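Chemist: From TrEMBL, here are the annotated features:
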type     : residues : note
COMPBIAS : 157-191  : compositional bias 'Low complexity'
DOMAIN   : 69-151   : domain 'Cytochrome c'
REGION   : 153-191  : region 'Disordered'
TRANSMEM : 12-32    : transmembrane segment
Amino acid sequence: MNHTTKQSVRGSTSFTLISGIVILLATLFFLVRLATSGYFSNVDEMTADAVATRIMPTGNVTMGDGVPVGMRQGDRIFQKVCIQCHATDSTVAGAPRITNTADWAPRIAKGFDTLFSHALNGFNNMPAKGGASDLTDDELKRAIAYMTNESGGKFEAPAVPASAASDAAASGEAPAAAASPASPAQASAKK
């Protein structure tokens, strides 16, 4: 025999209905709180900071060594680009190998401007800028100065802008200005 009464069924139905309404209202309350509390609640909607925050990328991709274009050191450029053909053990025909003074002497004798022109525009088998089209003229000059100075030359590399020099000091790198200075005779030949 079933001993449930109409009153207990009605009470159970009322309890379920009221509980459902309370849960629904609580859910709506929390959703409204979540929607209005937002990530930008402490920033005016149209201020420059607010706009910058909204359009800020969620991540950044850094290619290469992470040093901004125009601020790379000659030795770093050599290690990334020039080493492909100018390494000490290179077998690329016609490419002078770094530290090999016999390979570099006739080229150094032609002067820095000629070396720069060949590197900038390409020469024989060498592509323009060594194939690294993102190199600035100053970066290319730093790479040339690095290679020639390691191979018996005495050319002065263009200075890295001040902000890059302080960044390099913070990361433990030597600034490009520390490259060996040009002799007065070579400086006048460079002009």
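Glycine residues also receive a Cβ, built from the backbone N, Cα and C atoms like all the rest.
Curation plays no part in TrEMBL annotations; they are all automatic predictions.
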Chemist: Taking all residues of the domain 'Cytochrome c' (69-151) together, what is their mean pLDDT?
Modeler: 89
Chemist: Per DSSP, what is the helix/strand/coil residue tally across the domain 'Cytochrome c' (69-151)?
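Modeler: Residue counts in helix, strand and coil order: 50 helix, 2 strand, 31 coil.
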